[in-house]
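> Once you've had a glance at the structure underneath, I'll fire off some questions.
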Amino acid sequence: MIEPKYSEIQLKALGLITYLPASLSLVGSISIVYSILSSHYYRRQQRARSKTYDRIMLGLSCMEATCALGLLVFGSWAVPQEASALSYGASGTTATCEAAGVFTHILFGTMMYTAMLALYFCLRVRFQLKEEFIARRIEPFLHAVPILMVVVFCVVGLTGGYFNPLPTVAGNCWFRDYPPNCSSDPNVDCIRGENFKPIARVAATGVILFAFLIIVICMALILAQVMVLEYRLRKYAHQGAAHNSTRQWKRTREVGLQALQYIGFFFLCGIWAVILQLLPAPTFPIVFCMKLMTPLQGMFNAIIFWNRKKTENLSRSSRRTSSSKRSSIRTSILRKLQAELQVQTGQSLEEASNNSNGIVRDTEMGGPETDENDCSFHCEEEVNQEDKTNRDSVQLQMQVDSHSVGSSIKDQNDGRRDPEKGDAANNDENDCCFQCEEEE
């Protein structure tokens, strides 16, 4: 690769431009880490958010925060002083250059972690794998791949002396020989990193292209699934039909769109490194864009993360409102029952309230505690035995029980007024249950 020759102004710009995006990324990544580790927030969000998603985001944000902190602490000054022509304000040593090289390589680890996040979304959205299966079988590999990659290449770089000033990206230390081009120039003796090229190709080109390949495939699969769900939702909305999978489709679509946001911002931040690898000679605009955009991934991830939190809070507030409305409906139904009992039996308002409350309690407990000869008792026992799973609708059960109890009370009052009707009211259990089934 042909080494560019930057002017003094260009070296200064490349040396200082990294501080702003690194600061924003550090703040964003720390905010994500704090939100996930905060016990109060984690308890509240445990059901609304996938646990695997939490852990992947935690690992990714920790790695991004570490990288951003390293870029702020070990900036362009970390380059050895004798290589001041390659970096603005170079005043470091070999040790500081190696430390800067470690933090620079962690940046490539964030790319691989983002690829694992995209793979997780693909497994959830496209292949519909269950959360428990992913957490037990797949999640360990999603964490192990980026972490082991960073550890292995950092150990190789430190033990082999490969972290040296990088002329192509001024102000950085990474896999390189020193003095520059000594490995290809027989007239110059190499002090460090003579055989850096194979390792650099694997650590840079291999990692970047592999991460982008995973992300492109996952993005295509997720995008196709989201388009299918959009078509299904529009179809059923146009037909006006309620489908039992509509809610699941909407949830899957939301997760897919969120995954596309992560992937889209990753492309915006990481595409410059790919372009730099493909160009025969790096140019100042490409290098400038890479140093500006690559550290910003932590900030963009924080924007997506907090936007999701805001959406979940709005959804939770909407559910509370719906629950409050349902509670008010149940209260109004209870008042209607009290009024009906008062009209049918001539009871006082307090007695009607006690009876209606007893109906609600009996409905929740499975049936009223009355005499075995009472019609309503046998009717409810028969209904409870035949269909124990259809008690979700409190309104319908209360209406059925109210009608049964009201009929029983009316029959008993009529029996006291007319002996013949009183005898008819004391039929056997089978006739009583049959009448209840007819009413049902």
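Any Cβ shown, glycine's included, is placed from N, Cα and C.
Pulled the feature table from TrEMBL, pasting it below:
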- 16-37: transmembrane segment (TRANSMEM)
- 58-79: transmembrane segment (TRANSMEM)
- 99-123: transmembrane segment (TRANSMEM)
- 144-163: transmembrane segment (TRANSMEM)
- 202-229: transmembrane segment (TRANSMEM)
- 259-279: transmembrane segment (TRANSMEM)
- 285-306: transmembrane segment (TRANSMEM)
- 345-375: region 'Disordered' (REGION)
- 345-358: compositional bias 'Polar residues' (COMPBIAS)
- 399-431: region 'Disordered' (REGION)
- 399-410: compositional bias 'Polar residues' (COMPBIAS)
- 411-423: compositional bias 'Basic and acidic residues' (COMPBIAS)
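On this model, are these features tucked inside or out on the surface, and what's nearby?
Counting only same-chain residues 6+ beyond the ends of the transmembrane segment (16-37), those with a CB under 8 A from a CB of the stretch are 54, 57-58, 61-62, 64-65, 67-69, 71-72, 75-76, 88, 171, 288, 291-303, 305-306, 309.
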> Under a Cβ pair cut-off of under 8 Å, which of the recorded stretches 58-79, 99-123, 144-163, 202-229, 285-306 contacts the transmembrane segment (259-279) most often?
285-306
> Which sequence-distant residues neighbour the transmembrane segment (202-229)? Criterion: at least 6 residues beyond either end, Cβ under 8 Å.
105, 108, 111-112, 114-115, 118-119, 121-122, 125-126, 149, 153, 157, 174-175, 249-250, 252-253, 256-257, 259-260, 263, 266-267, 270, 273-274, 277
